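> A single structure is presented below for examination.
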Amino acid sequence: MTSIIGGTLPYKSPEKAISSSSYSAENDTSPVDAVIFAGTSLVLGTACRHLFNGTRVPYTVVLLVIGIVLGSLEYGTNHNLGKLGHGIRIWNDINPDLLLAVFLPALLFESSFSMDVHQIKRCMGQMVLLAGPGVLISTFCLGALIKLTFPYNWDWKTSLLLGGLLGATDPVAVVALLKELGASKKMTTLIDGESLMNDGVSVVVFQLFFKMVMGHNSDWGSIIKFLVQNSFGAVGIGLAFGFASVFWLKFIFNDTVVQITVTLSASYFAYYTAQEWAGVSGILTVMILGMFFAAFARTAFKGDSHQILHHFWEMAAYIANTLVFILSGVIIAEGILSGRAISYKGNSWGFLFLLYLYVQLSRCVVVGVLYPLLCRFGYGLDWKESIILTWSGLRGAVSLSLALSVKQSSGNSYLSSDTGTRFLFLTGGIVFLTLVVNGSTTQLLLHLLRMDTLTATKKRILEYAKYEMMKTALKAFANLGDDEELGSADWPTVIRHISSLKDLEGRQVNPQNGYEAGSLDPKNIMDIRIRFLNGVQAAYWEMLDDGRITQCTANVLMQSVDEALDLVSTSSLSDWRGLEPHVHFPNYYKFLQSKMIPRKLVTHLIVERLESACCISSAFLCAHRIARQQLHEFLGNSNIASTVINESEGEGEEAKQFLEDVRNSFPQMVISKTLRRLGC
C-alpha cells in the first residue's frame, strides 16, 4: 500500500513483529483476536454513550480515556489482558495509511453528506480562508515557536513538519455538543466544514514538508506543482465519482440497499483512486464527493430511503468514531510507554504542555488575523462565535496517524528514532489535551457566552409541542376506558403511577394563550418566519415523497426556501423571489401563440417550460396554504401570526397572477389538474 507520505511502509516494525510472533507462539493466539478488541470497543462505547448521555462530558473524551487505560494495562503489564491484549496489539500495529483508508472515507462522507448545501455555499469563503491561509499561518507559527524554543536541535523543515502535522483539526466532540445544545446552524456548518477542508489541506502540507525532510527536491516550482496537483486533482476525481454515482442512482427506484451500497462503494473507491492511484489528497476527494451528493442527490432518495440512508451513515460514523478514538487512546499509551526514555523525563512533559499553549496561541493568531475577512464573508462572524471557533480547534485521529507514519519512517539519516518517538509522544499528548480540556469545557464556554439559551419564541414552540403531545396522550388515555380488555382496569391506580397524567390532566393550557403582549418583537417575528418557512419546506418534501413534484422542481423550491431563510431577520417572507427566474412570463410568449408559428415549435419552445413553471407556482401556493394553517393552529389569531400570514398571502398573489396569465394566454394549459394533483 502506498503511503500518504510517499513511501512504502511495512505492516509492522521488526521489533513489533518479533514481539508479536513470540507472544503468539507462547500464548496460542490468532489474528482473529482482533475481532475481540473491535467487539469490546463497541460494547464499551455503547455503554459510555448510554451512561454519559446528557452530561457535560463529551462521548469522544470518554472513549479516548478508555483507550489509554486499555493500552496502559496491556503495554504496561506485559500481556496481562490475554487475547484482548493480543487484539489490541494487532490493531495498534496496523499501518497508519490502512487505518486512514478504513475509517476516514466513512467519517468524511457522513460529515459532508449531512451538511446543508445552502449553508456550505454561504460559508465556503470562510471555510477556504480557515483551511487555506489558516493552515499555513498555523503551520508556520507552530514551526517557528518549536524551532526557537524547543531544545531538540531540529532544523526548520522538521519543525515545520510537526507544525503541519498538528494542523489537522477534529471537532467531533464540539460539533456534536453544538448540535445537542441547539447552537446556530451556521456555526456548526462552519466548524464542521472547516475541519473537513482543514484535514485535506493539512495532509497535503504534511506531505510537502515530509518530502523535504526526506531529501526530495524542494524548489518553488516543484512545491507549486505538488500543491496544484493535489488540490485540483482531488476536486476533479471527487466530481467525476459524484457525477457517475448520481447518474447511476437515477436508474434505481425504491431499492434502499442498492442506493446505500452505491454511496458506500463510491466513497471508498474515490478515496483509494485519489490517494493510491492518482497520488492526490483522498481526504479532499471524499469531501468533494459528499458535498456533491448533498447538492445533487438529496432529492434522489425519497421517503423512507432518505431516512434509512442517513441512519446508515450515522451508524457507520458512530462505529468508526468509537473504534478510532479508543484506538487513538491505545496508540497514545503505547507511544508513551514504548518511549520511556523520552516520556519519563520531566522536561518532556513540560514541553508537551508548552506545545499545547502554542497550539492554542496559533489558533488565536489564525482567527485573529483572518477575523476582518471572516466578518465579511458568508454569514459573518461576531466576537462570541470567534471565541468558540478558536476553542474548537481539537486534534484527533488524522494527526495521530500522521505521527505514526513519521515514527515508522524514522531511524535513518534524515529522521532519527528519537525524533519519531518525540513526534508520536507530542502529538498524542496534544490530541489528549485538546479533547479533554477544550472538548470538556466547550459547554461551559457556551453557557458563559450565553449562546446556549433559547429565545422566547423557541421556548413557546417547545411548549406547544409538549402541549400537543400531552393532548394526544390524554385523548388516547380516555379512549382506553372503552376497550373491552382494559375497561375493567383500576384507572385511579393507573393515574397515580403515571405522573405526567396525574399532574397535567384537567389543567392543560394552550401556549398560544396570552401571546399578544410584546409579540411583534423583531426577534419573535424572525423566529416565526423561520418556523413558517420550515413548514413550507416540509410540505415540499411531502409532495416529493408522494410523487406530486419532480426532483428538479423540488430542488428549485427548496433552494428558494433556503435563500429566504437567510433574509428573515431583515425582510419579510421572500421565497417567491427565488422562484421568479423560473416562472417568468415574457411578452413574446403571446406572440408565439399567433397562427404564423407552427404548433409543434410552440410546444417545443414554451409549453414544457410553462408546465414546469405552473407546477412550481402551484406547489408554492399549496405549501404556503399548509404552512399558514399550521401557523394558525399554533398561534391562533395573534398579531405575530397575522403579520406572517399576511406576508405569505402577499407572496401568493404573485403566484396566482402568474397562473392567471398562463390560463388567459394558453387555455390549453390545464392548470386545475395540476392543482388537484398537488392536493390543493
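Cβ coordinates come from backbone N, Cα and C, glycine included.
Residues annotated as domain 'Cation/H+ exchanger transmembrane' in TrEMBL: 42-446. Taken from TrEMBL, the feature transmembrane segment covers 34-52, 59-78, 98-115, 127-146, 158-178, 222-244, 251-271, 277-297, 318-337, 349-374, 386-404, 424-449.
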> What else in the chain is close to the transmembrane segment (98-115), if you only count residues 6 or more beyond its ends and a Cβ gap under 8 Å?
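For the transmembrane segment (98-115), the list is 1, 4, 189, 192-193, 195-196, 199, 263, 267-268, 270-272, 275, 282-283, 286-291, 293-294, 310, 313-314, 316-317, 320-321, 323-324, 327, 397-398, 401, 404.
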> Can you tell me which of 277-297, 349-374, 386-404 gets the most C-beta pairs within less than 8 Å of the transmembrane segment (424-449)?
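Result: 386-404.
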> Give me the stretch from 59-78, 127-146, 251-271, 386-404 with the greatest number of Cβ pairs under 8 Å to the transmembrane segment (349-374).
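Looking at each of 59-78, 127-146, 251-271, 386-404 in turn, the most contacts to the transmembrane segment (349-374) are made by 127-146.
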> Which residues of the same chain, at least 6 past either end of the transmembrane segment (59-78), have a Cβ under 8 Å from a Cβ in it?
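Distal contacts: 44-45, 48-49, 52, 84-85, 88-89, 92, 172-173, 176, 321-322, 325-334, 337-338, 396, 431-432, 435-436, 439-440.
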> Can you work out which residues elsewhere in the same chain, 6+ from the ends of the transmembrane segment (386-404), have a Cβ less than 8 Å from its Cβ atoms?
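Cβ under 8 Å, 6 or more out: 4-5, 60, 96-97, 99-100, 103-104, 130, 165-166, 168-175, 178, 187, 190-191, 199, 202-203, 206, 283, 324-325, 327-328, 331-332, 359-360, 363-364, 367, 371, 374, 423-424, 426-428, 430-431, 434-435, 438-439, 441-442, 445-446, 449, 451.
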> So what's near the transmembrane segment (277-297) in sequence-distant terms, Cβ-Cβ under 8 Å and 6+ beyond its ends?
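Result: 2, 4, 100-101, 104-105, 108-117, 120, 196-197, 199-201, 203-204, 229-231, 233-235, 237-239, 241-243, 245-246, 249, 263, 266-267, 270-271, 398.
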